[in-house]
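Feature annotation from Swiss-Prot assigns peptide antigen binding site to Asn91, Arg105, Thr164, Tyr168, Glu176. Among the features that Swiss-Prot reports, disulfide bond is placed at Cys122-Cys185, Cys224-Cys280. What Swiss-Prot lists as N-linked glycosylation site is Asn107. For 204-295, the entry in Swiss-Prot reads region 'Alpha-3'. Annotated region 'Connecting peptide' per Swiss-Prot: 296-305, in sequence order. Under the heading topological domain 'Extracellular', Swiss-Prot lists 22-305. Residues or ranges marked as topological domain 'Cytoplasmic' by Swiss-Prot: 330-346.
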Amino acid sequence: MAPRSLLLLLSGALALTDTWAGSHSLRYFSTAVSRPGRGEPRYIAVEYVDDTQFLRFDSDAAIPRMEPREPWVEQEGPQYWEWTTGYAKANAQTDRVALRNLLRRYNQSEAGSHTLQGMNGCDMGPDGRLLRGYHQHAYDGKDYISLNEDLRSWTAADTVAQITQRFYEAEEYAEEFRTYLEGECLELLRRYLENGKETLQRADPPKAHVAHHPISDHEATLRCWALGFYPAEITLTWQRDGEEQTQDTELVETRPAGDGTFQKWAAVVVPPGEEQRYTCHVQHEGLPQPLILRWEQSPQPTIPIVGIVAGLVVLGAVVTGAVVAAVMWRKKSSDRNRGSYSQAAV
């Protein structure tokens, strides 16, 4: 999430459409990790539009600064990078102080490593309006404090987090942040969507297929794969005779493929011989209509068994003859050139 005053630098270039295909999001993720005896905590921040990372900051870099991760953001001018880098450095210092305070409030030893994570951002609907805003923190992998959906109140996870909650309430931080979410966060998101529209507003349809994996004589797994799709939002379901098999479906989380697209699978265990009663249904915004797939059994070989056996006999004879010939040639060659035999050996 960019600093509030950054929008003033960018406002002259905001000539954007009023409607969008689907909803979109802008997210700023941060992680501060203490490392006793090895200097200040390390701070890493990444920023995403939808499922695409486009900015990254690492305090351990040779020159700590906000770095572009997508070509479309490289067009921004020097002031943009100055502001985003300054914002990340300020957050890094704030989180380092917060880590020390939390260590003291939880009465923890300074010998151990601790982690403070944050996530801020906004979701925008197709009409360009705010769907939901976020501001939350976790300490050592557990919820600490978060802004509620009403954007007016906070949820504190424990008595220590309530100290932070009282501070936020005294400073009227929820109101300040709500103003940002409803205004500048959405404006920045619209700008990024426009500048990176060839990447961010694309819809790559999934390539889907069903794989068959026998488990035993009594069971087999049908796994429905969806590969190479963007954005990450997708729905995979299995049906048996038209009835959805929600309870019996194993579904993995959508995961990045490493090339800017995503992959996912859903599996069901079925009795042998009943595979054709099951259909996989794939829904994605890149598809003109949902895909419906069944397992396609590979055709059985049509070569007669007798022909196969005869062929193997002939092949065996050929191989045997070749081996005998090679040995005889090798022996003759050895008799003629004993001095060079070792160099010729494989």
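Note: Cβ is positioned from N, Cα and C throughout, glycine not excepted.
The structure displayed is predicted, hence computed values, not measured ones.
Features per Swiss-Prot, on structure.
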residue	record	DSSP (3 states)
Asn91	peptide antigen binding site	helix
Arg105	peptide antigen binding site	helix
Cys122	disulfide bond	strand
Thr164	peptide antigen binding site	helix
Glu176	peptide antigen binding site	helix
Cys185	disulfide bond	helix
Cys224	disulfide bond	strand
Cys280	disulfide bond	strand
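Among the recorded positions listed here, namely Asn107, Cys122, Cys224, Cys280, Cys122 has its C-alpha nearest to that of Asn91 (peptide antigen binding site).
Distance noted between the C-alpha atoms of Cys185 (disulfide bond) and Asn107 (N-linked glycosylation site) is 37 Å. If you compare Cα positions, Thr164 (peptide antigen binding site) sits closest to Asn107 out of the recorded positions Asn107, Cys122, Cys224, Cys280. Residue pair Cys122 (disulfide bond) / Glu176 (peptide antigen binding site) shows a Cα separation of 14 Å. Cα spacing between Arg105 (peptide antigen binding site) and Cys280 (disulfide bond): 52 Å, rounded to the nearest whole number. The Cβ of Cys280 (disulfide bond) lies under 8 Å from the Cβ of Ala208, Val210, Leu222, Cys224, Leu236, Thr237, Trp238, Ala266, Leu291, Ile292, Leu293, Arg294, each of these being in the same chain and 6 or more residues away along the sequence. Cys122 (disulfide bond) is surrounded by 24 other CB atoms, counting those within 10 A of its CB over all protein chains shown. The recorded positions in question are Asn91, Asn107, Thr164, and the one with the fewest Cβ neighbours inside 10 Å is Asn107. Within the same chain, residues at least 6 positions away in sequence whose Cβ sits under 8 Å from that of Tyr168 (peptide antigen binding site) are Ile145, Trp154, Ala174.
When other Cβ atoms within 10 Å of the Cβ of Cys185 (disulfide bond) are tallied across all protein chains shown, the result is 27. Sorting the recorded positions Arg105, Glu176, Cys224 by the number of other Cβ atoms within 10 Å puts Cys224 first. A gap of 32 Å separates the Cα atoms of Glu176 (peptide antigen binding site) and Asn107 (N-linked glycosylation site).
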